[in-house]
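Enquirer: Sharing a structure, written as C-alpha cells. Questions coming.
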Amino acid sequence: MIPRMSQHNMKPSGPLPANIWKGIPMKMEMKKMKRLKFPMWIRLSGGRWGTENGPTSMLTCTCYFFMLAYSKCFSPVLFFFLIQPGFSFRKLWAFTGPGFLMSIAYLDPGNIESDLQSGALAGFKLLWVLLISTILGLLLQRLAVRLSVVTGLHLAEVCNHNYSKVPRILLWLMVELAIIGSDMQEVIGSAIAIHLLSNKTIPLYGGVLITITDTIVFLFLDKYGLRKLEAFFGFLITTMAITFGYQYVTVKPNQLEVVKGMFYPNCAGCGPAQLEQAVGIVGAVIMPHNIYLHSALVKSRKINRLNVSEVKEANMYFFIEAIIALFLSFLINVFVVSVFAESFFNKSDAQLHEVCVKANSPFANVFDNSTDKLQVDIYKGGIALGCYFGSAALYIWAVGILAAGQSSTMTGTYAGQFVMEGFLNIKWTRFARTVLTRSIAIVPTLAVATFQDVEHLTGMNDFLNVLQSMQLPFALIPILSFTSEKALMKDFVNNLFWKIGGGFVIVFVCAINLYFVVVYVHKLQQLSLFVLAILLIILYMIFIVYLTWQCLIMLGVQWLNCFGTVIHEDESIVSTEMSPDHNE
C-alpha cells in the first residue's frame with residue numbers, strides 16, 4: 001500500500017546506512033567532493049541533495065546514482081530548474097518516486113520489441129520518432145500530475161465525478177483492456193526469456209505458467225510496503241540498464257549515426273513498412289493506463305492545496321523527476337534501437353542462418369535460407385545477438401527481457417486497482433486484482449504458446465501494441481478536458497498553448513489509430529471478422545466523438561453545452577487534502 005508521506009515525514013523504515021539519509025556528501029569538504037568527481041551542479045549546491053528528510057526508497061538511491069552517472073547529459077536539461085530561486089535537492093528527494101515507477105511502463109516487452117524492429121527495419125532513421133514520442137509522453141504525464149496535485153483527486157476519480165454512468169463504465173472498460181494487454185506482454189516477454197535462458201529446455205507454455213510465480217513474488221513484496229517494492233523495481237531498472245547497455249558497448253554503434261537519427265527528422269528511402277513501424281513506436285511508448293497510474297501515484301505526497309506556492313512547487317519537482325525518469329527510459333530504448341540498427345539493418349534471413357550455423361547455435365533453424373529482409377522480434381533478436389556476439393550476449397539479452405517483463409506486473413496491478421476504485425468506487429485487495437488481471441492475460445497467451453509456435457506468440461505483441469494505442473484517446477481526451485476546466489484547476493488551468501497543443505496531440509494520436517485500424521482490418525481474411533471489426537470501429541468512433549464534444553465544452557466552446565452536462569464554478573470538486581483511499 002502506498003504510504004502517506006510528506007517532506008517532513010520521510011525517514012526510512014529499514015536499516016540502511018545513516019549517511020544515505022543524512023546527506024551524501026553533506027558533511028564532506030568541497031575538496032573531497034571534487035576528488036570523488038561529483039557533478040559541478042551538486043558541488044555548487046553545497047552538496048545539499050539529501051538530508052534526514054531524504055529519499056523515500058532504495059529505488060530513489062538507484063535512480064539518482066544513474067543521474068550522477070549521466071550528469072553531463074542531465075545538466076543542460078535541468079539547468080533551467082536548478083537556477084530557480086529556492087530550488088532544493090532536499091525537496092527533490094522528497095518528491096522522487098512516482099515518476100520512476102511510472103517510467104517502468106516505457107520499458108515493457110512491447111516497447112523493447114518495437115525498438116528492435118525499428119532498428120532492424122529502418123536503421124537509425126526512426127530514433128527521432130522515439131525521441132518525439134518520449135517528449136509527448138512527458139508532456140502528457142505532466143498534465144496527469146498537475147490534475148492530481150491541484151485537485152487532490154486522480155484522473156479516474158475526476159472522471160467518476162464528471163461523466164455519467166454509461167460513459168464512465170465504457171471508459172473503465174477501455175482502460176482495463178489496455179491494462180490486460182500490458183499484462184499479456186509481460187507474460188509473453190517473461191515466457192520467451194525463460195525459454196531462451198533454459199536453452200529451450202523449458203517450453204514456451206512452461207514459461208507462461210512460471211509467470212504465475214511473479215504474481216506471488218509481487219504480492220509478497222507488496223505485503224511489506226511500497227519501499228520494498230520500489231527497491232525491487234529499482235533492481236529491475238538497473239538490470240535493464242546494465243544488460244542492454246552491455247549490448248550497446250559490445251556492438252559499438254556508429255555514434256554519429258545515433259545522434260543524426262535522433263535529431264535529424266528524416267527517413268530517406270522509407271516505405272510503408274517503415275511508416276507502419278514509426279506509427280507503432282508512438283503506440284508502444286505512450287500508454288493510456290500509465291497516465292491514470294501517474295496521476296494516482298503522486299497522491300502519496302501530502303500537499304497543502306490552499307497554498308498556491310506549495311502547489312506550484314510540487315508541480316515543478318514532480319516535473320523534474322519525470323524528466324529524469326523518462327530520460328533514463330529513453331536511454332535504454334536508444335540502446336536497443338542502436339544495437340539492432342548497427343548489427344541487423346539490411347540483413348537477410350540467409351545471412352543470419354549462415355552466421356548461426358558457423359557459430360553452432362542450437363537456434364540456427366529459426367532463420368531460413370531466404371533472401372527476404374530479416375524480420376526480428378524479442379525471440380529472434382536474442383538469437384541473432386547470440387550468433388553474432390557469442391552465447392553470453394544471448395543470455396544477457398534474455399535477462400534484460402525478463403526484467404522488462406517482470407517490471408510490467410507492478411504497472412498493470414497498481415493502475416488496475418486505481419482505475420477500478422476511481423471509476424466504480426469498488427475496492428478490491430491487490431491480491432484479488434492481480435489474480436483477475438493475470439488470469440485473463442494467461443488464458444489466451446497459454447493457448448497460443450501451447451498450440452502455435454513462437455512466431456505467433458511474439459506476433460501477439462504487435463496486436464497488443466495496436467490495442468493499447470487504440471485506447472489512448474480514452475486517457476488523452478479526459479486529461480486535456482479536466483486540466484482545461486477553470487472550476488477544477490483554478491490558477492493552474494491550461495493556457496492557450498497547452499489547449500491547442502493538447503488538441504493537436506489528440507488529433508495526431510487518433511489519426512495514428514485510424515491508420516493502425518486500416519492496416520489491421522486490411523489483413524483480415526474472413527468476412528465475418530471484417531464485418532465485426534467495422535461495427536466495433538463505428539462504436540469506437542461514436543464514443544470518441546462524445547468525449548471530444550465534452551472536451552470542447554471544457555475548452556471554452558460553451559454553445560455546445562446544450563444539456564448542461566459539464567461542471568460549473570459552484571460545483572468544483574477540488575480537495576484541500578489528499579484522498580486517503582490509496583494511502584492508508
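Glycine is no exception: its Cβ is also placed from the backbone N, Cα and C atoms.
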Enquirer: Among 58-77, 278-297, find the range that TrEMBL records as transmembrane segment.
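Expert: Based on what TrEMBL states, transmembrane segment spans 278-297.
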Enquirer: Using a Cβ-Cβ cut-off of under 8 Å, list the residues of the same chain that are 6+ residues beyond the ends of the transmembrane segment (170-196) and lie near it.
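Expert: Distal contacts: 105, 108-110, 112, 156, 159, 163, 202-208, 210-211, 214, 287-289, 292, 378-379, 382-383, 394-395, 397-399, 401-402, 404-409, 411-412, 415-416, 419-420, 423-424, 437-438, 440-442, 444-445, 449, 454, 457-458, 460-461, 464, 467-468, 471, 474-475, 478, 543.
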Enquirer: Which residues of the same chain, at least 6 past either end of the transmembrane segment (278-297), have a Cβ under 8 Å from a Cβ in it?
Expert: 2, 97-99, 101-102, 105-106, 110-111, 113-115, 117-118, 122, 126, 129-130, 133-134, 136-137, 140-141, 143-145, 147-148, 154-156, 174-175, 178-179, 182, 267, 270, 322, 333, 411-412, 414-416, 418-419, 422, 462, 465-466, 468-469, 471-472, 474-476, 479, 509, 512-513, 515-516, 582
Enquirer: With pairs 6 or more apart in sequence, are the transmembrane segment (318-341) and the transmembrane segment (118-140) linked by at least 3 Cβ pairs under 8 Å?
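Expert: In this chain the transmembrane segment (318-341) contacts the transmembrane segment (118-140) - 3 or more Cβ pairs sit under 8 Å.
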